[in-house]
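Taken from TrEMBL as is:
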TRANSMEM  42-61  transmembrane segment
TRANSMEM  82-102  transmembrane segment
TRANSMEM  114-135  transmembrane segment
TRANSMEM  147-167  transmembrane segment
TRANSMEM  187-209  transmembrane segment
TRANSMEM  221-245  transmembrane segment
TRANSMEM  251-275  transmembrane segment
Amino acid sequence: MRALLAEGAMALAVAPEANLSSGGAAGSPTGPLWWVSQCHGVWYSLAVMLPSLAFVGFLAWQARRSFRRLSYGRSHVVVVAYYALLWAVAVLNLLWCFLQAWQCMSDRAFSWNVLSLFTKSGMLFLEVSLIAFLLQGNDASGFESLARTFVISGAVVAADVLLKTIYVFGFGVPLFIDADQGTGGKWGLWILHKLVLTGVYGLIVFMHHSRWRDRLPAKPAYYNYVCAMLLLNGLSLLGCFLVASGAGFGLWLYNVTTVCYHSLYLPLLYVTFLADFFQEEDMLLENVYYSEMKDAGFFDADWD
């Protein structure tokens, strides 16, 4: 009897690890929301799902009005392109947030790597292109600015995608699996990635407080955006260093920055770059509507 009880206790202790190693196939569908508690747990999943879902819902709610504003003849071609890219990346990010359970499923490893590669590359493209476009100033025309921005961003993102593809599909490095500490090669690449971004944002902040300040756009919202991204990438870089050094706290810190990036970056980008444009377009459209109604004689009775 004691032997049977001992064997039962050992089976209960080993069961969670066995389920994880088997990709969650053995005990995955335990409820209607089993995929929320898979891999990272409920709080992590909700922290990335709810803000991303709310932002896509906000874009959908504003879609008709935004399309009317963008279709107005005065709309800048760069803003139209960024709004379309923002929609595409927001949908990809929403899928990434809702499919977190794929990280711990061995049969979904390829699909998760492809989804993560497209999602992170799209967000990086927006991140790099925003910096590249704003640093050009207001001298270039719309098409020239768009072409230069896309060339710079495309070159950076293409190199990043090529390197990550070689790591993930060539060497088999679990680059997009954040459920465990993984290998040293994985964190070495993330350290390089975060170090470059932190250096770029740090350089911009330094220029803002130096004699080269006039070369930057005089936009307080842009400076606040750069400071926020510098803080986020700096903390993520610290987390990568700690994980590479074997500190368990580093993985927690890295996951916190990942949650913040995937849940808050796109709304921050919208507020920084597109919100002012849409507000200005609203005022212009109201003036146009007022002029058309005035020409049609709607306000003639007020003068009588």
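Using N, Cα and C of the backbone, Cβ positions are placed for all residues, glycine too.
As the structure is a computational prediction, the values presented were derived from the model and not from experiment.
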What stretch in 42-61, 147-167, 187-209 has the biggest tally of Cβ pairs under 8 Å against the transmembrane segment (251-275)?
42-61
For the transmembrane segment (114-135), give me same-chain residues lying six or more residues beyond its boundaries with a C-beta closer than 8 angstroms to one of its C-beta atoms, as numbers and ranges.
78, 82, 85-86, 88-89, 92-93, 95-96, 99, 102, 145, 148-150, 152-154, 156-157, 160-161, 164-165, 168, 175-176, 197, 200, 204, 215-217, 219, 222, 229, 261-262, 265-266, 269, 272-273
Which residues of the same chain, at least 6 past either end of the transmembrane segment (221-245), have a Cβ under 8 Å from a Cβ in it?
127, 134, 181, 184, 187-188, 190-191, 194-195, 197-198, 201-202, 204-205, 208, 251-258, 260-261, 268-269, 271-272, 276
Counting only residues 6 or more past its boundaries, what in the same chain has a CB within less than 8 Å of a CB in the transmembrane segment (42-61)?
35-36, 86-87, 90-91, 93-94, 97-98, 100, 255, 259, 262-264, 266-267, 270
